[in-house]
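**Student:** Submitted below is the structure of interest, expressed as structure tokens.
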Amino acid sequence: MAYPMQLGLQDATSPIMEELTDFHDHTLMIVFLISTLVLYIISLMLTTKLTHTNTMDAQEVETVWTILPAIILIMIALPSLRILYMMDEINDPYLTVKTMGHQWYWSYEYTDYEDLMFDSYMIATSDLKPGGLRLLEVDNRVVLPMELPVRMLVSSEDVLHSWAVPSLGLKTDAIPGRLNQATLISSRPGLYYGQCSEICGANHSFMPIVLEMVPLKQFESWTSSMT
């Protein structure tokens with residue numbers, strides 16, 4: 001999860017988030033190089049008197065500044081498309097969880113189990129236990145098995161919401177009347193926090209998400225106790 005004064009991304013805990021972090025660094029380096037070149041050219045224009053007032057055309061220069069940006073865009077687009085298709089792929093998920101957004105809480109239904117569903121509300125600051133995180137703790141966590149593909153089906157009962165868990169690289173819009181799909185795989189156990197990431201009304205800031213990733217045996221014990 002995030003910590004005070006953090007400047008970078010949250011630690012990746014899924015293959016998708018690792019790819020997104022690498023893509024961020026790749027794109028940031030390209031942007032940095034372009035910005036440096038532009039600032040260098042501007043500084044030369046302001047500090048020197050070298051001008052070409054008689055130049056009517058320069059086909060070589062025009063060719064370069066047409067081809068070079070095209071190459072740069074391709075270098076950004078190809079890894080971006082690769083990650084996009086990776087996020088969309090899911091073959092034979094171990095588990096499917098239906099997530100519904102409400103004003104202002106989340107409800108979850110484990111479709112592979114009979115009558116396994118619950119609502120997840122934020123715990124008020126006055127009710128937090130020692131060590132609890134303000135505005136991030138919930139009364140019912142989403143317990144999922146680690147290292148197994150899980151399909152999340154996301155929708156909304158009322159207005160637009162967005163189900164987001166940054167450390168897993170997830171952000172899926174919850175749209176009334178529409179079912180969106182997200183895939184998640186956690187590479188290690190732990191608690192992963194997120195929040196609604198679409199302004200949805202007065203209590204938008206009070207819709208936290210908590211995923212508890214556990215080993216498969218522990219997950220099966222939890223489902224047995226819940227059903």
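Using N, Cα and C of the backbone, Cβ positions are placed for all residues, glycine too.
What Swiss-Prot shows for this protein is this:
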- 1-14: topological domain 'Mitochondrial intermembrane' (TOPO_DOM)
- 15-45: transmembrane segment (TRANSMEM)
- 46-59: topological domain 'Mitochondrial matrix' (TOPO_DOM)
- 60-87: transmembrane segment (TRANSMEM)
- 88-227: topological domain 'Mitochondrial intermembrane' (TOPO_DOM)
- H161, C196, C200, M207: Cu cation A1 binding site (BINDING)
- C196, E198, C200, H204: Cu cation A2 binding site (BINDING)
- E198: Mg(2+) binding site (BINDING)
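Help me see these features in their spatial surroundings.
**Tutor:** According to DSSP, the topological domain 'Mitochondrial intermembrane' (1-14) comprises 0 helix, 0 strand, 14 coil.
Tertiary neighbourhood of the transmembrane segment (15-45): same-chain residues 9, 72, 75-76, 79-80, 82-83, 86-87, 166-170, 183-185, 187, selected by CB-CB distance under 8 Å and a gap of 6+ residues from either end.
Helix, strand and coil counts from DSSP across the topological domain 'Mitochondrial matrix' (46-59) read 3 helix, 0 strand, 11 coil.
Within the same chain, residues at least 6 positions away in sequence whose Cβ sits under 8 Å from that of C196 (Cu cation A1 binding site) are G101, W104, H161, S162, W163, A164, H204, M207, I209. Taken residue by residue with DSSP, C196 (Cu cation A1 binding site) is part of a strand.
In sequence order, L160, H161, S162, D173, A174, H204 constitute the residues six or more apart from E198 (Cu cation A2 binding site) in its chain with CB-CB distances below 8 Å.
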**Student:** Under an 8 Å Cβ to Cβ limit, what residues of the same chain, 6 or more beyond the ends of the topological domain 'Mitochondrial intermembrane' (1-14), are close to it?
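**Tutor:** Hits for the topological domain 'Mitochondrial intermembrane' (1-14): 20-21, 24, 133, 136, 166-169, 184-188, 190-193, 213.
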**Student:** Which one, from the binding-site residues H161, H204, has the smallest tally of other C-beta atoms lying within 10 Å of its C-beta?
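**Tutor:** Minimum Cβ neighbour count within 10 Å, taken over the binding-site residues H161, H204, occurs at H204.
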**Student:** From the centroid of the CB atoms of H161, C196, C200, M207, the recorded Cu cation A1 site, which same-chain residues not already listed sit within 8 A by their CB, in sequence order?
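**Tutor:** Once H161, C196, C200, M207 are set aside, the remaining close residues are G101, Q103, W104, W106, S162, A174, Q195, S197, E198, G201, H204.
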**Student:** Given the binding-site residues C200, M207, which one is most crowded in terms of C-beta atoms within 10 angstroms?
**Tutor:** M207
**Student:** In which DSSP state, out of helix, strand and coil, do we find M207 (Cu cation A1 binding site)?
**Tutor:** coil
